[in-house]
Amino acid sequence: MSLKVGVIGTGMIGQDHIRRLTKVLSGVEVVAVSDIDEARAAEVAPAGAQVFASDKDLIRCDAVEAIVICSWGAAHEEQLLECLAVGKPVFREKPMVTSEAAALKVIEAEVTFDRRLVQVGFMRRFEADYRRLKAVIDGATLGAPLMYHSVHRNASVPEGLYTSEMPLNDTLVHDADIARWLLSDEITGVEVRLPRRSQQGGELRDPHFVLLHMASGALVDVEISVSITYDYDILGEVSCEAGIAALPHRPATVVTDGHGIRQAIPEDWRERFIEAYDQEFREWIAAAGEGTATGPSAWDGYAATLTADAALRAAASGGLERIKMVEKPALHGAPSALAAE
Ligand code: NAP
């Protein structure tokens, strides 16, 4: 039997996930869509899907068993709380919410329901290369991880939509989450350094250099460039006590011609992480079918929101901004259980 899903937010990633849920994956059916722009929702709705003007009505519709939220940040809090109020599993694109207070409300609502229902869209955790990298670190043959170097480069970002705050409050969350997951650690402080400004960024402040201080004492540096012009490039390398473990470069056809010998780099995040998004949804569908959620949790969404907030403070202060988390609810696993998730 197929899981009956409603999708809220039918913009760029909403449409990509609808394609994935209708054309790529099995055991799932998109039965409802809604968007603040109802005409767009109607345009992209799969055949037979109901189009809702109100996200609340979609969430409460009896035919909808689980929800995928792809709207913009500010709308997430209410939509998530509504899903939790009716006890339906929900996949929420990152960022989970945009404030610490909202993240705590989501955690509290899920703890009150007493079952995991929320999965946050940190798709890197589902990619085979990242999973192999984590297995090496967890295997401890290289000793303890000391540093993680993360590189997050975009050729360009949508002009006008992407603001100078977004590298820190929208893009960094992926690197922060994968660092916590790979190192089985929590972020306790954030510093931000601003290198010489790239002329390619126009009005945008670009690039950013971020230093994450981990509870274990490990350090994570993150380069975020959003106007690098040459495609979408994601790199990661963990320095351990007795060796280095790194993500491989993506295999691609080797082209030899008058410009030299070269391999293509993915054009954008949709191409780079296509298998990761598919696997993320495969696992979400399996868990949602059981009425629950696995994968990145509301706790992980909370950690990412705190990191983004601290990064924005650090960019303004120029110093180290500390992060203080509330006690982790048992529902989200013991602190040491991060490795096993
Ligand atoms: P987008 O193209 O602007 O799409 C967002 C859509 O949600 C728009 O159609 C927007 O309508 C609609 N919307 C806004 N508020 C709504 C509400 N209250 N109820 C229903 N619909 C609402 O943006 P996007 O690039 O798809 O990004 C959406 C989310 O996914 C963001 O949180 C983003 O950070 C995340 N994302 C994640 C990844 C990833 O790698 N995991 C990649 C890309 C995006 P209007 O256009 O009329 O405002």
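All positions are counted from 1 along the displayed chain.
Quick reminder: no glycine exception, Cβ is built from N, Cα and C everywhere.
If you look up TrEMBL, you'll see 3-121 marked as domain 'Gfo/Idh/MocA-like oxidoreductase N-terminal'.
Annotation comment: TrEMBL describes 130-244 as domain 'GFO/IDH/MocA-like oxidoreductase'.
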- State the mean pLDDT for the domain 'GFO/IDH/MocA-like oxidoreductase' (130-244). 96
- Using DSSP, break the domain 'Gfo/Idh/MocA-like oxidoreductase N-terminal' (3-121) down into helix, strand and coil residues and give each count. 54 helix, 26 strand, 39 coil
